[in-house]
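Each remark here refers to the structure printed beneath this line.
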């Protein structure tokens with residue numbers, strides 16, 4: 001009986017887990033499955049979408065993007081789980097024994113549907129913007145693939161297929177878990193209609209966002225050419241990120257005005273893309289019982305989705321082959337010197353960076369940011385997210401008489417000062433400590449040693465802090481002036497303006513001192529970390545200090561506005577804190593410079609410079 005039972009578990013065709021060397025030799029070499037050129041090209045381009053320099057400078061881009069793809073589906077799943085008590089209340093207060101709590105009201109349920117539609121729209125738009133430059137060939141593709149016996153048509157079809165798989169894959173990741181959880185949570189009467197409406201609404205919303213960005217990029221590249229398109233590319237990316245993240249952050253506000261907009265048949269609702277696919281969601285869910293505006297929105301959404309897909313199919317091949325032709329011919333030479341910045345550099349040399357070492361580090365930062373595309377894209381995307389956070393903090397939306405009205409919040413403008421200063425300094429600090437310019441590391445290492453002597457180290461680090469401080473001060477104070485144009489009357493007084501300017505300058509100075517207190521290297525020349533950073537811990541630190549800084553900005557401005565004595569006390573506090581940070585920084589640099597010169601990795605150092613010999 002035992003032998004018969006074991007035969008059920010072990011079949012005759014079962015292969016042992018461990019094979020002897022003789023058995024492996026008898027099996028012969030492992031033969032890879034034969035794949036066509038088209039499949040190999042498609043796999044190559046799909047691999048490059050997940051592993052490229054923009055995602056990571058240390059070759060971990062594929063890991064990060066795979067983690068991002070998995071994490072994209074978590075918010076929808078968690079929101080669906082969070083809504084369980086809303087649809088299945090357990091505790092009713094005040095108690096009514098004879099009353100069974102029913103489902104949420106109609107417009108509350110509709111807002112829940114709207115969240116999933118909006119999330120799919122934002123998630124797919126952001127990932128498409130992030131992969132913006134990978135949808136078209138670059139110089140590496142032309143130099144490598146152009147020398148192989150491959151047809152241009154086959155290369156084009158391989159990239160187009162990779163783009164399609166990439167978009168569909170992320171669309172699945174972003175909505176799969178929510179599509180499983182939310183129907184179970186909502187427990188609708190007609191499950192099939194609900195599931196059909198949910199899947200169609202979120203899929204059409206995400207697909208439209210991705211196709212619209214690809215079609216817009218293709219249309220502009222085909223019409224303007226490579227040179228003009230390059231000049232506006234970063235602006236378009238930053239604008240797209242700002243709009244998408246702002247929509248997501250404004251969802252609580254949008255959910256409050258959505259019922260009034262739809263019931264009043266407002267023109268804003270008819271031209272707001274997420275509403276189109278919300279209409280598709282509701283029409284498939286309710287059928288003929290849906291409101292007339294949902295039928296109109298669904299019809300418009302379907303028509304626009306098909307139109308965008310058609311434009312992309314026509315414009316993408318034209319833009320693709322125009323990019324290839326541009327890469328084959330080559331870009332015309334351009335002047336390296338900027339005549340506009342020459343007077344500004346003269347002022348900086350005379351006043352702020354008079355020392356040669358400080359001047360060299362200062363311009364090393366400038367040239368790295370101008371010539372390394374990864375940093376330009378990083379700052380555009382990071383700045384777009386920051387701008388969206390700023391707008392979502394300041395903007396208030398209401399519906400009055402069927403019309404949408406926008407106004408600025410006084411407390412939001414006060415908090416905005418801290419948001420801008422914190423966002424700029426943290427972004428620059430993250431970029432400066434990254435190992436992004438090893439080719440420029442050798443000059444500082446050979447000239448001043450590793451670690452550098454105290455005087456040279458101070459000049460190098462002070463130049464970096466000065467660069468960050470100038471950038472933070474300029475952007476923060478400019479934001480104060482711009483926000484004054486939309487500020488309510490209570491912020492137009494002289495004390496309020498002076499308080500905002502002082503708080504902006506003070507936070508910029510103190511955050512620069514605090515964030516760079518332990519940075520002991522020239523920007524962009526750090527060594528890759530031996531251990532991968534803990535993303536969760538990094539985000540925890542960010543979301544811990546960010547609310548603290550914004551709260552300090554709000555309280556400090558309200559306190560300083562009360563009188564000029566408070567203004568003077570704030571100035572003294574900022575100066576004393578800055579001097580203390582300065583003293584602590586000098587002591588840290590002195591201890592670091594007193595260490596013995598490091599010899600670890602001396603043999604491998606020339607190999608990391610990216611030189612050719």
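Using the three backbone atoms N, Cα and C, a Cβ is placed for every residue, glycine included.
Sequence annotations record features per position, and here TrEMBL assigns transmembrane segment to 64-87, 114-135, 156-178, 198-222, 234-255, 301-320, 377-400, 412-432, 466-487, 499-522, 534-556, 562-581.
Of the two recorded stretches, the transmembrane segment (301-320) does not lie close to the transmembrane segment (412-432), with fewer than three CB pairs under 8 Å once pairs fewer than 6 apart in sequence are set aside. Long-range neighbours of the transmembrane segment (499-522) within the same chain, counting only residues 6 or more positions beyond its ends whose Cβ lies under 8 Å from a Cβ of the stretch, are 361, 364, 413-414, 417-418, 420-422, 424-426, 429, 432-433, 441, 444, 451, 457, 460-461, 464-465, 468-469, 472-473, 476-477, 479-480, 491, 549, 552-553, 556-557, 560-561, 567, 570-571, 574, 577-578, 581-582, 584-585, 588-589, 592.
Among residues of the same chain six or more beyond the transmembrane segment (234-255), those with a C-beta under 8 A of the stretch's C-beta atoms are 111, 114-115, 118-119, 121-122, 125-126, 129, 132, 209, 213, 216-217, 220, 274, 376-377, 380-381, 383-385, 387-389, 391-392, 395-397. Counting Cβ pairs closer than 8 Å and at least 6 residues apart in sequence, the transmembrane segment (198-222) and the transmembrane segment (534-556) reach fewer than three and form no contact. With respect to Cβ pairs under 8 Å, the transmembrane segment (114-135) is most closely packed against 156-178, considering the stretches 64-87, 156-178, 377-400, 534-556. Sequence-distant contacts of the transmembrane segment (64-87), counting only residues of its own chain at least 6 positions beyond either end whose CB sits under 8 Å from a CB of the stretch, comprise 49-51, 55-56, 103-104, 108, 112, 115-116, 119, 123, 127, 169-170, 173-178, 180-182, 184-187, 535. Counting residues 6+ beyond its ends, the transmembrane segment (377-400) has Cβ neighbours under 8 Å at 54, 129-130, 132-133, 234-235, 237-246, 249-250, 253-254, 256-257, 260-261, 264, 266, 369, 406-409, 412-413, 415-416, 419-420, 423-424, 427, 431, 479, 483, 486 in the same chain. Within its own chain, the transmembrane segment (156-178) is flanked in space by residues 37-38, 40-46, 49, 69-70, 72-74, 76-77, 79-80, 116, 119-120, 123-124, 127-128, 131, 135, 137, 199, 202-203, 206-207, 210-211, 214, 316-317, 320-321, which lie at least six positions past its ends and keep a Cβ under 8 Å from the stretch. Residues of the same chain lying 6 or more positions beyond the ends of the transmembrane segment (534-556) and with a Cβ under 8 Å from any Cβ of it are 67, 411, 414-415, 417-419, 421-422, 426, 499, 503, 506-507, 511, 570.
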